[in-house]
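Asks: The Na(+) binding site annotation in Swiss-Prot covers GLY72, THR75 and rests on sequence analysis. The annotation transmembrane segment is assigned in Swiss-Prot to 5-25, 29-49, 65-85, 93-113.
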Amino acid sequence: MKEYFLIGIGGFTGAVLRYVISGIIPVKFGIPTGTLMVNLIGSFIVGFLMYSSLFTGISYEYRLFIITGFCGALTTFSTFSYESFSLLEQHYFIKSGINILTNVTGCISMIYFGRMVSSSFW
């Protein structure tokens, strides 16, 4: 039961932060940059914590709270998919392609960057 509570509190916090960040960061050049930003931030955190957990003994509960709850709610694959599809539907093929490319390569890069930053501590 404790695990569900931790995931729920983390999820609530991540969802609220996603709402705030997406509201603050406007669409730039027709690309939904708020969604991109939350996905990049979440990917960095996951990369950092997953690598750190190999060396620090970060508890399973803490990882549930941060990675499953907080980052799971902060990041949003469904919104990214919807926004990319919406751009395609409006015949903004290049903008949709840029959105897809920047989200996928950016998030993978942020996982790597988070891991590299973490490795500098351990």
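Using N, Cα and C of the backbone, Cβ positions are placed for all residues, glycine too.
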Asks: Just to confirm: which same-chain residues, 6+ apart in sequence, have a Cβ under 8 Å from the Cβ of GLY72 (Na(+) binding site)?
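Replies: Those within reach of GLY72 (Na(+) binding site), by Cβ under 8 Å and sequence separation of 6 or more, are ILE7, GLY10, GLY11, GLY14.
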Asks: Can you name the residues of this chain that are 6 or more positions from THR75 (Na(+) binding site) yet have a C-beta less than 8 Å from its C-beta?
Replies: GLY14, ARG18, VAL38, ASN39, ILE41, GLY42, SER43
